[in-house]
Amino acid sequence: MCFRTKLSVSWVPLFLLLSRVFSTETDKPSAQDSRSRGSSGQPADLLQVLSAGDHPPHNHSRSLIKTLLEKTGCPRRRNGMQGDCNLCFEPDALLLIAGGNFEDQLREEVVQRVSLLLLYYIIHQEEICSSKLNMSNKEYKFYLHSLLSLRQDEDSSFLSQNETEDILAFTRQYFDTSQSQCMETKTLQKKSGIVSSEGANESTLPQLAAMIITLSLQGVCLGQGNLPSPDYFTEYIFSSLNRTNTLRLSELDQLLNTLWTRSTCIKNEKIHQFQRKQNNIITHDQDYSNFSSSMEKESEDGPVSWDQTCFSARQLVEIFLQKGLSLISKEDFKQMSPGIIQQLLSCSCHLPKDQQAKLPPTTLEKYGYSTVAVTLLTLGSMLGTALVLFHSCEENYRLILQLFVGLAVGTLSGDALLHLIPQVLGLHKQEAPEFGHFHESKGHIWKLMGLIGGIHGFFLIEKCFILLVSPNDKQGLSLVNGHVGHSHHLALNSELSDQAGRGKSASTIQLKSPEDSQAAEMPIGSMTASNRKCKAISLLAIMILVGDSLHNFADGLAIGAAFSSSSESGVTTTIAILCHEIPHEMGDFAVLLSSGLSMKTAILMNFISSLTAFMGLYIGLSVSADPCVQDWIFTVTAGMFLYLSLVEMLPEMTHVQTQRPWMMFLLQNFGLILGWLSLLLLAIYEQNIKI
């Protein structure tokens, strides 16, 4: 009966899908063709290879195994010569070792086991054919473990990458396969259903063996060839941008800028740089709708020359893909490649050295710079605790604290408004690095400075109203009216150090507030009351420690995302957080001391809570490789900065009172202006920062 009529019903669909007949006696396909056909290494694939030819075997187990052994044991030699085929192994013995019988139909498991035995035969053919090794005397498990233990110095439970390469090297020499382009080992393992990074195990090795035998009989080169596969280049480009299967437009822009930055153009001088003004490298989303009409217009010098036009990433997508795509697949990228090469050859987008885009930070730079930044942040927080030690003059302490509070408000709100929010909205990417276009490309910065001016203006009005209208008898008060929720609002009592130094009870160490003053005058009650007070104080210290730890964790997360984006973003975010941490830690340290803790214990707890910033940092670095994740972290960070600066700290600056109100007013404004000015300069010149 015909071979195809004896197939089981379950194999019929596989044969319908594999309608193209392969022949090992004709021209051999390339690795690229094999990938496009998507051979799965299933029994149907192997049997179809055996069925090719003038006299396909019947679906009889013994006949099929004999044909397979002949094709494997006697592969076609070079120059089309076919020598005598002397099989060193009987088909019946091969079938019995694999667990099969002489029935008419081969099972999938048997075909895979036979393939594994054939791999062993190929590797040890010399010993087998010289009668030094008799395969009939061993069971299947022996050959399975022998292949898994191909290298004695590696794990015998898995077929490692090196062991797989060794096997493929044998097959390339054994079969007549092309050495120019080969299917890579990782691709072969993936097609064989191997997902573990350690390699094939006892259950998946037979599948891999069937795939190797099938593709080798089809003439496909496997493993490391003389030349890489065509997919290697696309995969390298995508992996360099931390992507796997798709690119975003922003990442394609980054790739184009990198290519234009590194390219050395030798071009006729009549191609002028001002041509780029007609069509900027980075196309604004709001201007994209006018692209077609603008390119059809004639310039003053005549029609627009495509040879001198610099196309943006979005325009290349429109030209080649004829549709607006937010994600670009590997096939789409291959289709666009001629346009990218043309842009490099024409030098239309070549940038001067002082305008070249900076490359994204490497992994070493991200982890190195961010670790240094968080270390400085930790030391800065300890500086805040050191300032508390000079609290003998309470009035001077309060003035210094308000100076840092003003600086924190300026840097936090400035970083959120001038850097984080524009970056989330993509305004940084729309800046055109053109001479004479400074005010146009930085226009959003001046508008945001107007917003900051409005905040500062109303702060001045309210502060002046309080200073000029409030009764003079209230100027001597030193409490923050109604603000007890944040640690910045707390001031030390002038007797704090003396009391702590003498080891007085916690009930006598109080913050300067009316309720606390009354409590300070009360004698220490019974032991029960004292114990209750100690429990309350311990709870307060724990709350401060937990809250400070979460706060520092969020700071580390923000710094990690910032340095993942760019070194400039990391610097600006670090400065903003550092200016905020000093007054924050001063307040927290004051609360810990006032709760009855000793100086050493308070410093230790403050230091331990600051270490959570490193935890947040490395989590932020690991999860923010995706630009989308970076944007969301920046969004939340901007909201946190605005809340801390405008909701928590700015009202404190408005209502705090002192014996020298005008001095405090000047110091607060000095801190505000210094913080905003620093972030303004960073927003303007951040591209010039070189680390």
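Residue numbers in this text run from 1 along the chain shown.
Just so you know, glycine gets a Cβ as well, placed from its N, Cα and C.
What Swiss-Prot lists as motif 'XEXPHE-motif' is 580-585. Shown for the motif 'XEXPHE-motif' (580-585): DSSP residue counts in helix, strand and coil, namely 6 helix, 0 strand, 0 coil.
Under the heading topological domain 'Extracellular', Swiss-Prot lists 1-202 (among others), citing sequence analysis as support.
Taken from Swiss-Prot, the feature topological domain 'Cytoplasmic' applies to 224-369 (among others), supported by sequence analysis.
Here Swiss-Prot flags 391-398 (among others) as topological domain 'Extracellular'.
Taken from Swiss-Prot, the feature topological domain 'Cytoplasmic' covers 420-448 (among others).
Taken from Swiss-Prot, the feature topological domain 'Extracellular' covers 470-538 (among others), and the record attributes it to sequence analysis.
The topological domain 'Cytoplasmic' feature in Swiss-Prot is assigned to 560-602 (among others); the stated evidence is sequence analysis.
Taken from Swiss-Prot, the feature topological domain 'Extracellular' applies to 624-631 (among others), supported by sequence analysis. Counting residues per DSSP class in helix, strand and coil order gives 5 helix, 0 strand, 3 coil for the topological domain 'Extracellular' (624-631).
Across the topological domain 'Cytoplasmic' (653-663), mean pLDDT in this model comes to 81. Among the features that Swiss-Prot reports, topological domain 'Cytoplasmic' is placed at 653-663 (among others).
Among the features that Swiss-Prot reports, topological domain 'Extracellular' is placed at 685-691 (among others), with the record citing sequence analysis.
Annotated transmembrane segment per Swiss-Prot: 203-223 (among others), in sequence order, evidence recorded as sequence analysis.
Annotated transmembrane segment per Swiss-Prot: 370-390 (among others), in sequence order, evidence recorded as sequence analysis.
The transmembrane segment annotation in Swiss-Prot covers 399-419 (among others).
According to Swiss-Prot, the transmembrane segment annotation covers 449-469 (among others).
Summarising the annotation, Swiss-Prot assigns transmembrane segment to 539-559 (among others).
Within its own chain, the transmembrane segment (603-623) has Cβ neighbours under 8 Å at 366-367, 370-371, 374, 377-378, 381-382, 385, 541, 544-545, 548-550, 552-561, 563-564, 585, 588-589, 592, 597, 629, 633, counting only residues six or more beyond its boundaries. For 603-623 (among others), the entry in Swiss-Prot reads transmembrane segment, with the evidence type sequence analysis.
The transmembrane segment (399-419) shares more Cβ pairs under 8 Å with 664-684 than with any other stretch in the list 203-223, 632-652, 664-684.
Counting Cβ pairs under 8 Å to the transmembrane segment (539-559), the top-ranked stretch among 203-223, 449-469, 632-652, 664-684 is 632-652. Annotation: stretch 449-469 has the most Cβ pairs under 8 Å to the transmembrane segment (664-684), among 203-223, 449-469, 632-652. Counting only same-chain residues 6+ beyond the ends of the topological domain 'Extracellular' (624-631), those with a CB under 8 A from a CB of the stretch are 242, 248, 250-251, 423-424, 560-561, 564-565. Across the range of the topological domain 'Cytoplasmic' (653-663), the DSSP-based residue counts are 6 helix, 0 strand, 5 coil.
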